[in-house]
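Asks: Annotated region 'Disordered' per Swiss-Prot: 1-23, 213-245, in sequence order. The N-myristoyl glycine annotation in Swiss-Prot covers 2. Taken from Swiss-Prot, the feature region '6-phosphofructo-2-kinase' applies to 301-549. The ATP binding site annotation in Swiss-Prot covers 349-357, 469-474, 652-655, 697-701, and the record cites similarity to another entry as its basis. Residues or ranges marked as region 'Fructose-2,6-bisphosphatase' by Swiss-Prot: 550-744. Positions annotated as active site, tele-phosphohistidine intermediate by Swiss-Prot: 558.
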């Protein structure tokens, strides 16, 4: 079957040749430049595709505004399938546009040869090209049968186990009023989403990390020394990364190696703590973390003058937060050693273990909580310094030139992170393999007396996940942006991985968190050693609850309320006639979008306008969250903004100057809302099934800002229109966003 065959064609652990399984194949093509009258199709050989007749080509479904997909199931040993992409006009009298080049070959779930771009020649000899992706996963016949059964069956209501805030509506057939059906496909209601955010699946996570400080305004480093030991192409291509200058224009300044390379002894403490679930009084599950030996020590009493000086020094390192986060930050600042005021999370792990994904997700979470957090990716430093053409030989431990170059950029990234912390930064995420004790000791020596280091090691023993990550890496990483042969890129990356495996040393020193087989979300282990303090505890709790299982999260405001019509703040009014119409359309949308999702749920606030909006949705459990209630307007509740301006001008001006921090008298600020939403975010991260969140403008602004990685200062200005659904698709490749406008 050739060397390019997918992992799914290999024998199972029991020695069978996949006789009990099938391959679920997904063909995807970017279509951001496809005109509205052209739709992507696939046609090809029998029996899998259908026909070489363009009129019988299979349409690709719109997975998002920028991606189309065709998926099908085949045996692992299926015959070679040859096919092509084509663009089909809606006008039948207009000829189809077939992609240029030879036929594509699919064998064992893998595309053979050069298959990363699809080229089309439009009118006027205009050439457009789109990236092409393929993914093949083995699925069992039982899974296929379950999916088909879920598709065919209507979800029947189950009994409620005495929980007052959970309900399931009756079957649609017995509903008193008919739903307002959507006349067309859901794609008809899709509207353009905002420009892709930093957290978008279209953006490689490492590219969003910090740029080197020594990168000048013109985009070049100082000095120049590029190792020539291991480039895949002998000629200097001068290719840029994200608009950055080519490697030949870059030079770099590295700290004196004599002050860096000397390693010191390992930390003596080896106590490993364990995590155990416990039951709180209100029945909610929590997590107990044994502090061990790392509890903060009390500092000596200070005079009044020295105390004032110290508070001035730490003012810039306090989080832009409220509630528990702010209180905990004060305690950590006052009680802990000076170096503990700054926290460095140092990633450890082999390539293709999800380090960068974890780093980006943790950065997003901490920023959303109000902590000044930055992501430093050593791979980005390396690419900016040495280019993107480094082969697997560059990463060999017996290649002294490669080792020196990689150590230099790691030291530079660490220096930049420490310098940023000394200017007031709070949490730095240091993203690299850091796979040897020598490298980790170097980092600890550089951080000594300046910041506290916690190692975060990701271990994965699931070959299927590793293989998937490798293929995603080749598709997304700038390291392989010039490698047109996909399978050649896979082979090179596997060689790189083998080089790291030969010298890998698990973390046993210092403070650390080990995540063992946690990425799949199906269990695994997490170990913590010498961990204490509020923020490290929150990080552990967040990591325990995150996973990579793809699932959609739908965010929508309630239907228009009577207070919306009157322009009044807050309140608990019913929905208007327009809101009732939206409630019916929303129910029809949910029925179409989540028809096969038996485990989906509907979350609302405790206010009646969200419950009335959800009332027409049937067949799914509904959960009320007080945390999803609208921002508390305090004494201004029920007033219009004009009344506030007239009767409380000082409050009106204070809110106008800083909507993020402004707190209504006896009410809440946006920062207060963020703090009460943290349990909601953790639960959304933990969920493996779709969730529909029906809430309010301020609350949805805060939730959306988390998923889109928007700065805190932008939250009060985020547009959150009525009668619009925002679909957030969470998965291994990042976050995809769609928007549906059901009515004006």
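Backbone N, Cα and C atoms are what each Cβ position is placed from, and that goes for glycine too.
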Asks: What does DSSP call residue 349 (ATP binding site) in the simple three-state scheme?
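Replies: The three-state answer is coil.
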Asks: What does the structure give for the C-alpha distance between residue 352 (ATP binding site) and the residue listed as 'active site, tele-phosphohistidine intermediate'? Integer Å is fine.
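Replies: Distance between the two Cα atoms comes out at 41 Å.
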Asks: Between the recorded positions 355, 558, 655, where is the Cβ count within 10 Å the lowest?
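Replies: Among the recorded positions 355, 558, 655, the lowest count of other Cβ atoms within 10 Å belongs to 655.
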Asks: Please work out which residue of 352, 472, 699 has the most C-beta neighbours within 10 angstroms of its C-beta, and give that one of the binding-site residues.
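Replies: Buried the deepest by this measure is 699.
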Asks: Average pLDDT across the region '6-phosphofructo-2-kinase' (301-549)?
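Replies: In the predicted model, the region '6-phosphofructo-2-kinase' (301-549) has a mean pLDDT of 85.
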Asks: Whole-number Å distance between the CA of residue 652 (ATP binding site) and the CA of residue 558 (active site, tele-phosphohistidine intermediate)?
Replies: 26
Asks: Can you count the other CB atoms that lie within 10 A of the CB of residue 349 (ATP binding site)?
Replies: 25
Asks: Round to a whole number and give the Cα-to-Cα distance in Å for the pair the residue listed as 'active site, tele-phosphohistidine intermediate' and residue 699 (ATP binding site).
Replies: 12
Asks: For the binding-site residues 469, 652, which one has its C-beta crowded by the most other C-beta atoms within 10 angstroms?
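Replies: Checking each of 469, 652, the winner is 469.
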Asks: Under DSSP, is residue 558 (active site, tele-phosphohistidine intermediate) part of a helix or a strand, or is it coil?
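Replies: Where residue 558 (active site, tele-phosphohistidine intermediate) sits, the three-state DSSP reduction gives coil.
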Asks: So, three-state DSSP: helix, strand or coil for residue 469 (ATP binding site)?
Replies: helix
Asks: DSSP on residue 652 (ATP binding site), three-state: which is it?
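Replies: SS state of residue 652 (ATP binding site) = helix.
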